[in-house]
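A.B. asks: First the structure, then my questions, so here it is.
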Amino acid sequence: MTFYLLKRLAVLLAGIAVAAVVVFAFMSLLPGDPAEIALGVNATPEAVAALREQFGTDRPPVVQFLDWSGGLLQGDFGTSYVTSSPIGPQIGDRLGVTAVLVLGGMAVALVLAVPLGTFAAVHHRDPLGAVISAASQVGIAVPAFLAGILLVYVFAVQAQALPSGGYVPFAEDPGEWLRGLLLPWASLGLVQGAVLTRYVRSAVLDVMREDYLRTARAKGRGSTGALWRHGLRNASVPVVTVLGLQLATLLIGAVVVERVFVIPGLGDLLLNGVAGRDLLLVQGVVMVLVAAVLLINFVVDVAYHLLDPRLLR
Amino acid sequence: MRGRANAGLVAGGALVGLVVLTAVASFFWTPHDPTLVDAARKLREPGGGYLLGADKFGRDTFSQLMVGARTTLYVGVVAVGIAAALGVPLGVIAGMTPRGWLSELIMRVNDLVFAFPALLLAVMLGAVYGAGTLTAMIAIGVATVPAFARVARAATLQVMVTDYVLAARAAGRRRPAIAVRHVLPNIGSMLIVQASVSFAIAILAEAALSFLGFGTRPPTPSWGRMLQESQELLFSTPRLALWPGLAIALAVLGFNLLGDGLRDHLDPKLRRVEER
């Protein structure tokens, strides 16, 4: 296990390093010089040269990359060319908001999918099981932002029970914080829950056919008891993989849902950065999101091996 | 349960057919000019030649939906085309030389691309080259390459151990000839299924990108942008969000059902647990 863990960790770090090169190289293609953009068209060449030196963009790209990536290792994302404020703290603040959004969405998805998927598997010959399958198929076809708009229409426009958007920090008013997050959580969670339901159902159906479950039933455990004690851990192996992939999808879905609900998360920061042509900010946020996806994949792989030690052989 | 699988295939085919027909028809006829701005028709209620009403600029919603189908299919075809054109050869090469360094390199790069979701690629491309339909299609296409490469590799691995490939190799056929004559025809059905599923994902991605302003630019009608424009009017005119939303959901549902149905129809061995 230790060897596997070290090997997988090396792959993760290498992945993040290569991703940093890719992101940096890509953003360096941006036409226009940040110093010229900052000073406008009437700037003197001397002023541009001075600012270029201050930004550090007069140095060779390799030096700039080493400087930027070296800073990343210490949590320093550089200083924005546009707003002149440090980028790291902004990303830090926004990351927390997005993380809460994503984890809440995941929780909603799990709470929906595990019981519904298991139920649909146990009752896969009944009409009710078929209804759940059909409903999940429809749920997959609805993008999270569309679910968000529909939820706003039902709960904010019609029922006027919840706010249609905006974000209140937890420290200010925990109640309003929760009220503001319910619809965003639901829009992310309903859609991912639909996807997950199908996987839970397949996994449980597979396990139900296994000999050990038949044995457990033969020993006198009821079919629910047998499934509970012997089935769910085995069924959880494929589900955890999908869960990890979904966490990455949720992170990206959150970018869009933040737009729907005007939530100041990473996605909002990213899109504002693009609109304001804040190159270094965009570079930083993209790097954080890509690193997060890679990290999620790492955690999933490790969890996968913990749940099913046979894979280590 | 063969019957249910086929029902899905028929329903999926019908929905996809409807989208394709609408898109084709939009080249010849729409009730009104979908991009014509007319203050007199602003937020016109449905009826009287305006089947689904008009938006805040007085543009006919039905005509916009029709042309939006065209945009959706265009983006889907090009994105899935890019993904297949790059992913299939890479996957076949990786599958035919499973222990080679080339295979290892391809799969590692694949994993890396996998960490760049379509949305991030599109935002990066948009920041550098300006957002538009083209950058959206390229971003979605590139982000979908790993999916095709993985499916092609897995299927190729299976084909490579069959007796007929062994016979061809023993007869002295070279690898490119084996790839074209034996591998591609036998992995084709899986690739078609993957194309259908990827198409559904591409539609979702295009809608999300257009919603964020990183996809199709005005005035070209797009379902995602119609949704974005409708959001501020959700309190007064919710129907503007209803129709493009329904169009997206039905198109995605159609391609998903078609993919599942094709999987069962083309290759019963692959039939998933659910249909057993």
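Note: Cβ is positioned from N, Cα and C throughout, glycine not excepted.
Unlike curated records, TrEMBL annotations are generated automatically.
Sharing the feature lines straight out of TrEMBL:
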DOMAIN    A:95-300  domain 'ABC transmembrane type-1'
TRANSMEM  A:9-30  transmembrane segment
TRANSMEM  A:95-122  transmembrane segment
TRANSMEM  A:134-157  transmembrane segment
TRANSMEM  A:177-200  transmembrane segment
TRANSMEM  A:237-261  transmembrane segment
TRANSMEM  A:281-307  transmembrane segment
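Mind mapping these onto the model and telling me what they sit next to?
C.D. replies: Same-chain residues lying 6+ beyond the ends of the transmembrane segment (A:9-30) with a Cβ under 8 Å from its Cβ atoms: 61, 64-65, 68-69, 72, 279, 282-283, 286-287, 290-291, 294-295, 297-298.
Sequence-distant contacts of the transmembrane segment (A:134-157), counting only residues of its own chain at least 6 positions beyond either end whose CB sits under 8 Å from a CB of the stretch, comprise 116, 120, 163-165, 183-184, 186-188, 190-195, 197-198, 201, 253, 256-257, 259-261.
Sequence-distant neighbours of the transmembrane segment (A:177-200) (same chain, 6+ residues past either end, Cβ-Cβ under 8 Å): 100-102, 104-114, 116-118, 120-121, 132-133, 135-140, 142-145, 147-148, 151-152, 155-156, 162-170, 235, 238-239, 242-243, 246, 249-250, 253-254, 257-258, 260-261, 263.
Remote same-chain partners of the transmembrane segment (A:281-307), defined as residues 6 or more beyond its termini with a Cβ less than 8 Å from a stretch Cβ, comprise 1, 4-5, 8-9, 11-12, 15-16, 19-20, 23-24, 27, 68, 72, 77-78, 80, 82, 87-88, 90-91, 95, 233, 236-237, 240-241, 243-245, 247-248, 251-252, 255, 266, 269-270, 273-274.
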